[in-house]
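Listed in Swiss-Prot:
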BINDING   17, 27, 83  Zn(2+) binding site
BINDING   33  Ca(2+) 1 binding site
BINDING   59, 61, 63, 70  Ca(2+) 2 binding site
DOMAIN    12-47  domain 'EF-hand 1'
DOMAIN    46-81  domain 'EF-hand 2'
MOD_RES   42  S-nitrosocysteine
């Protein structure tokens, strides 16, 4: 049986592939698919930055796609913001 953390990691991978496979590439989420991912999976965190801003910030190697490592930067940033929100309440 998987632990809660293992399930969470598998969920992150599944979400990434859900959007990376839209263009048939396991290794890249492209600009329009990142926009859809952000709007669908974390709309609460789209209030401060639009999809284009996120894309420019995340595409560290500037290859025109968000690889899984770059996606994890998004997860960290959104996770930190969510953690702050939880402790405000």
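Backbone N, Cα and C atoms are what each Cβ position is placed from, and that goes for glycine too.
Note that this is a predicted model, so its numbers are computed, not measured.
Around residue 70 (Ca(2+) 2 binding site), the same-chain residues at least 6 positions away in sequence with a Cβ under 8 Å from its Cβ are 58, 59, 60, 61. It is 17 that, of the binding-site residues 17, 27, 61, 83, has its Cβ surrounded by the most other Cβ atoms within 10 Å. For the domain 'EF-hand 2' (46-81), the DSSP counts in helix, strand and coil order read 23 helix, 1 strand, 12 coil. Under the three-state DSSP scheme, the residue listed as 'S-nitrosocysteine' falls in the coil class. Neighbours of residue 33 (Ca(2+) 1 binding site), defined as other CB atoms within 10 A of its CB across all chains, total 20.
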